[in-house]
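K.L.:
In case it helps, Swiss-Prot gives these features for our protein:
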- E152: active site, proton donor/acceptor (ACT_SITE)
- S62, G63, G64, K65, F66, L120: substrate binding site (BINDING)
Amino acid sequence: MSSRVCYHINGPFFIIKLIDPKHLNSLTFEDFVYIALLLHKANDIDSVLFTVLQSSGKYFSSGGKFSAVNKLNDGDVTSEVEKVSKLVSAISSPNIFVANAFAIHKKVLVCCLNGPAIGLSASLVALCDIVYSQNDSVFLLFPFSNLGFVAEVGTSVTLTQKLGINSANEHMIFSTPVLFKELIGTIITKNYQLTNTETFNEKVLQDIKQNLEGLYPKSVLGMKELLHSEMKQKLIKAQAMETNGTLPFWASGEPFKRFKQLQEGNRRHKL
């Protein structure tokens, strides 16, 4: 369980909701793992056709909690082996577990993007099959190079596939935000132009229910499996490449230094 993430089932919907708007829905590593566990739970429920990611407040999620990341660097490490083992356990394993849960998910993944999403949270948005935006103030930011490491949780695949290689190069290399005008038609399929997040969340569910009328449920899931098959294989392959690529950066200590600067207000994202 998490105080920042909850879930409930509503007919064909398994709804996962971020519920800490006071802290811009920032998440710990345990929260990301919990979301992955909920995806597995949704997979096992026959009546569920859609897994829906919702949020609350003005931000979808500001990404990982600075304090949670910096906590991983606490304590003395006596050897290089101990340091790497600790990082594999605390960072590499959760990243692989979360990315794999999204890659192999059988239900249609829908994201109700109510506001900006940053870091690993933005990576989850990019992994969804269908993304709806509340209004045109949303953006995605993948500040990995600004934080001292490289692409994680499938972004080396999702962004190149959905935004195109040149745009992905620019945003990933320079850690610049992907604004609404570029997201619409690539990652976002529809903009609801609403101001209230709860109204937006409910409207998306109503529209999906209406669109489901007359459809054969097994065809819905079969279509997801067919359309996602190529992406699924690419994501599974990317997990090893991304994890092995980013681990040396974490081992160098640079990301911890930069997260601490963010926490102390001495570093900012390019918003």
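Keep in mind that glycine also has a Cβ here, set from the backbone N, Cα and C atoms.
Describe the structural context of each listed feature in the structure shown, including burial, neighbouring residues and relevant distances.
P.N.:
Other C-beta atoms found within 10 angstroms of the C-beta of E152 (active site, proton donor/acceptor) number 24, with every protein chain shown included. In this structure, E152 (active site, proton donor/acceptor) belongs to neither helix nor strand by DSSP; it is coil.
Under DSSP, L120 (substrate binding site) is assigned to a helix (H, G or I) in the three-state scheme. The C-beta environment of L120 (substrate binding site), restricted to residues of the same chain at least 6 apart in sequence and closer than 8 Å, consists of L27, F32, G63, G64, V98, E152, V153.
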K.L.:
Go through S62, G63, K65, F66, our binding-site residues, and report the one whose Cβ sees the most other Cβ atoms within 10 Å.
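P.N.:
Answer by Cβ density within 10 Å: G63.
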K.L.:
Helix, strand or coil: which one is F66 (substrate binding site) in, per DSSP?
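P.N.:
SS state of F66 (substrate binding site) = helix.
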K.L.:
Compare all C-alpha positions of S62, G63, G64, K65, F66, L120, the record's substrate binders, and send over the largest distance in angstrom.
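P.N.:
Max span of the substrate binding residues, Cα based, is 12 Å.
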K.L.:
Excluding S62, G63, G64, K65, F66, L120 themselves, which residues in that chain have a Cβ inside 8 Å of the centre of the Cβ atoms defining the substrate site?
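P.N.:
Apart from S62, G63, G64, K65, F66, L120, the close residues are S26, L27, S61, A68, V69, I118, G119, S121.
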